[in-house]
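Down below is the structure, laid out as structure tokens.
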Amino acid sequence: MVSFILCIGLAFSDLIRCVMLLVIPNFFTSQGRSFLLMYAMVLVMIYPVTNFSNNILVMSESATCGQGMALNETKDLVKTAVSPIASMADGLREMLKAISRFARSIKRAFVAMKNAIQEICSAIARVFKWLASITDICNENMGAPYKKCLKAFKDASDDCQVKLGFMNFLCGIVDIVASVCNVARIGELLCIVVDAVVSFVVDEIGAPIKAAIHDVEKMFYFNVSMEYHYNLTMVQSKSYDDVKRDIMNDVKSRLSVLDQAITGAESIMMFTFLLVFVRAMLYRWKYLTKDKYDNTYMTETIKYIDNKRKLRGLPTILPLRTKEKQKYIGTFSPSFTENEQKKLLKGIVFLVLNIINASFYILSDYSLYWTLLLIKEQLQIKTTAPVPAHLKVHVQGEGSMADMYRSMMGVLDPVTGHQLNVDTTPCMPNPGVPNYRIYKIVTGILICCLITNIFEAYGLRLRHIIAGCYYPKRDHARAIWLYNRILKMRGKLKYKMARMMKHKYQGVKSTETTSLKARIAIQYPRIGKVMKFLGYKQKACINCGTEGKEKDYENFHHCEGPGCNAVYCLDCFVDLNNICNICMNILDYGEDSDISEELDSSEDEFHVLAMREKARARKKKIEEIRERNRLSNTILEFRYLAGISAQATASEVIEMDRRAPLIESDASTVSSFGKPADQKGKGLLLSPSSSSLSSLTSSD
């Protein structure tokens, strides 16, 4: 839709063509460079910064993957560290099982031997038991005579003591004789021998044999207990997946700011692009409405005006003075004005800051990519560590002893047969490759901005040329304003006032054409604003720049062509032969004007009659203004308001009218300053700040 409107507008509208042409030089302005710089920053945000963000995510994923791999490898290392103890314990268990099997086989043989020995011992015990019974019988049978003999002597002794009374000491002989009974104990000797044999066999032989058998039995009953301690504490508040998810969410939340910055940069870029068009339209509007705006160029029109004034003997401005050359410059001059130099310096500083900013993002992107690529190349490992060389003892043969020795030698085997596999490939970062084409584009844009900054002054000078081509009348009016401004700014005010007073009282005709009010207004802007508020207005000849009062219709001619507002002084009116230099129409369509068939055959008779009627109405209005502004009428009106007789003689009226030009020269009206040509008024209005030349008849 926009393209269609532009195509139609460029084909049929001078306004759109002018604005579109003004857009091109506006790219040399700070707003144009801002658009290019913003476009470069958008490219930086979309490509290098986005790639930087993606590489940060890749780095985060690689780090989390590395943590997971470290966790898994830690578990494997724990298993490997525990495996020697576990393997040794397993070997010991196998060895104990073999010993247990060997012990059981020995036990079976020993139990058989034990049973045989127990049978022998039982037979011996039975023999000893029989001997013991024989001993008891022997003691019972052989010990009776001895006991009977002792009993007989004891009874005899007791009876003796009873019978003898105090002579019982004689009974001691009975006790002495009782020892004869020991002869009866010879039979007990055989019983003592048998008992001694039984005691010797049972106590000295049977007991040690039992103890030995018990000790041998205890050798085959044993218990092995293995205790080992290995402490590994791993505290994990979150699972590995939760940790990875939290890390990635945190990284993405921090990088979301970059996405918002990219969106904002795109919006600002569109705004700056629209601002370029707005500045172009604003320049056109200010060009048409403000004389002072971008009006510092010495154009061919100014040179033409200067030549016209030089031929008439009026003050000129060329050549410019040294200070004026620093402020006013030719369109194609290679030198810069002070304002242009300041803009150049500010633009370079701003551009350097943007270059540093863009370079930072680009270098960050490439540095991170280079770092991740270096990590990938240097830390990518894929290897398998084999089991180291070792010795193995082989036990040949069968049987319990062979099994026991085989189990004992198995403890010397390698503690583990697990191969250590190290593969870091899955966790290696795979960084995104920077877009080197974007690097070149951004570099080209920055170089283009540098070039536009250096040639900004030359590019902006094209704007008034483009606007002047579409609005030549306005270009002429702005040239007159600049010419008058330069002329009025020359010299100091006090010297000018002293020179004017000297010429006035000495009766010397002054060649100065700039009024005192205009100089005050141009040199003191605040006073000029007050004068503008009070209605200070002026007009100037569009051909030579001669300045005059707004209501002065005696010394100025106004073009009566349709849509033309040109104003000419009397000298230019004569030089132009009654032809407007702007619209190429007749300046004065009065009754006595010499026009008819000599005009262009295409001009319609009704148009000529209408222009003549318009000229008559204009002249009638001018006569009314002149009559109303006559000094005699003003004085009579003042007398009437003051209560003085309003009657005046003819001689007084003539004298007042004769002196009117001299008085009016000291009380000239003033025009609006800072306001451009009134497109609907009757003349070209110039401000004191845009000081036009005073008319030839003015002599303040």
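Including glycine, each Cβ sits where the backbone N, Cα and C put it.
Remember, predicted model here, so these are calculated numbers, not experimental data.
Among the features that TrEMBL reports, compositional bias 'Low complexity' is placed at 684-700.
Residues annotated as domain 'E3 ubiquitin-protein ligase DCST1-like C-terminal' in TrEMBL: 539-585.
For 669-700, the entry in TrEMBL reads region 'Disordered'.
With a threshold of 8 Å between CB atoms, the same-chain residues lying at least 6 positions outside the transmembrane segment (6-28) that come near it are 35-36, 276-277, 279-281, 283-284, 452, 455-456, 458-460, 462-463, 466-467, 470. Per TrEMBL, the feature transmembrane segment maps to 6-28 (among others).
The transmembrane segment annotation in TrEMBL covers 35-53 (among others).
The annotation transmembrane segment is assigned in TrEMBL to 261-282 (among others).
Sequence-remote contacts of a segment are chain residues at least 6 beyond its ends whose Cβ falls under 8 Å from one of its Cβ atoms, and for the transmembrane segment (344-363) they are 30, 33, 37, 40-41, 44-45, 48-49, 52, 336, 439, 442, 446, 449-450, 453-454, 456-457. If you look up TrEMBL, you'll see 344-363 (among others) marked as transmembrane segment.
For the transmembrane segment (35-53), same-chain residues at least 6 beyond its ends with a Cβ under 8 Å from one of its own Cβ atoms are 27, 255, 258, 261-262, 265-266, 268-269, 272-273, 275-276, 351, 354, 357-358, 361-362, 364-366, 368-369, 432, 434-435, 438-439, 441-442, 445-446, 448-449, 452.
Summarising model confidence by region, the domain 'E3 ubiquitin-protein ligase DCST1-like C-terminal' (539-585) averages a pLDDT of 70.
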